[in-house]
C-alpha cells in the first residue's frame, strides 16, 4: 500500500499551442508521477467529454481552467489517502464522483490526468518501469511504428481527403531498426517533395502536407520514397491509411470524396481498388462512425485481407466495441486514452478486443505533449502496434525515444512485433 499525499493540476500547452491539463500526484513516500493529457483534432461524436472553459476572452475559449479546478477542488480531496496501487478502485471512485455517462461534469481531461499520473507515481513507488508496472513480467513486445508521413484531411490544410498516409517497417528485426528505416524513408520523401517543387511543410503529426492531385498521388510518392531509400514495398515496408471518413460524410451513407458525391458502396469499391494496387495492411475509419451497415458490408468484403480499425467507430468504449464484435463490424480497435478517460477503461477495451479476436493499436492524438505514457502502454499490453506520428516534432519523437529506452532495458528478451501484427495481409 502506498497512499496518495497530494494531487495538483495546472494548465499547460499542447503541440498546437492549445491549453491542456497536466497533473502531478505525489505519494506519502515521496514518489511523484506526472501526466499531460492529449487532445484530438478529428474527434468522434461518442468520445468522453473534454471540459473546456468556453471563455472567448482567453485562448479562444479553449482554456482548461475548469478542468484544472475539477482536479484541485473536487478530485484531490477525495483521493488523498487513497492507495495508489489500487488503480481500478481509484478510477472507479473518480467515475462515481463525476456521476455522468461521459465524464462531462468533471471533464475526461481532468479525470484522465489524475488516472495516468497516479499510475506513474505508483510505478515509481514500486521501483518499476511504467510498462512493467502496468503489464507485468510478460510485457516485452515492441510495437510496429505506424508512421504518418503524409498528412491530409483535418490534420493539414490541403486538398487530400485521407487524413493519414502511414508507413510500417514490418520487415525490420528490431524496433530500433524499424525506427531507422522509417526515418530514412521520411527523409527520402522530403527530398522527393522538394525536387518536385512541392511543399515540405509539416502537418499536426509531423508528416508532410503537400498539395497533391489525389490520394493515389500520395501513395505513389510514398512507394517511390521507400524504393529510393533502398527498401522493398510490400516486403520491408507496407502501408496503412487513416481515412477519417466521418470528416467528409455529408449524410447517412453518403460522402463527399475526391470532389464527388458517393455512397458507402462506392467508397467500399474504392478501397477494394486500393488493396489491389498497393501493399495496404490497415485501413482506419473507412466509413462514418454511424454507418454500421456499411461497416458490416465492408468487413464482409475485405475483412479477411486487411486490418479494419475502428477509431471514431469505437472511441475506446467497451459498449461500442462489444456491439462491433457481435455485429461482425471491423476487426481492430484504435486505443486513445482520452477517448474514454481512465487507464482502467482503456485496458478493459484492449482486453475485450483480444478476447473478441480483434487487434488493438495504441495511439496518440494530433494535439500532444512530451508525455510518453502511451509508449509504455503499447509494450505493457503487447498490442504490437503504435501510432505516434512521423519521426519529427519533439512531442512525437519523445514516444519513439521512450520505446528505444524500453527496448534497451528489455535487452535480449525484447521482441519486435513486425509481420506478426498483420496476419490478414496476403501479399507477403
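Note that Cβ sites are derived from N, Cα and C of the backbone, with glycine treated the same way.
Predicted, not measured: the structure shown is a model, and the values here were computed from it.
For the recorded site, residue 205 (active site, proton donor), the DSSP three-state label reads coil. The annotation active site, proton donor is assigned in Swiss-Prot to 205.
As annotated by Swiss-Prot, active site, proton acceptor applies to 336, with the evidence given as sequence analysis. Here the Cβ of residue 336 (active site, proton acceptor) has 25 other Cβ atoms within 10 Å, regardless of which shown protein chain they belong to.
According to Swiss-Prot, the feature (2R)-2-phosphoglycerate binding site maps to 163, 336, 365, 366, 387, an assignment based on sequence analysis.
Within the same chain, the residues at least 6 positions away from residue 242 (Mg(2+) binding site) whose Cβ sits under 8 Å from its Cβ are 148, 162, 163, 164, 166, 284, 285, 309, 311, 387, listed in sequence order. Taken from Swiss-Prot, the feature Mg(2+) binding site covers 242, 284, 311, and the record attributes it to sequence analysis.
Under the three-state DSSP scheme, residue 284 (Mg(2+) binding site) falls in the strand class.
Cα of residue 205 (active site, proton donor) to Cα of residue 366 ((2R)-2-phosphoglycerate binding site): a distance of 6 Å.
For the pair residue 366 ((2R)-2-phosphoglycerate binding site) and residue 336 (active site, proton acceptor), the Cα-Cα distance reads 11 Å. For the pair residue 365 ((2R)-2-phosphoglycerate binding site) and residue 336 (active site, proton acceptor), the C-alpha distance works out to 8 angstrom.
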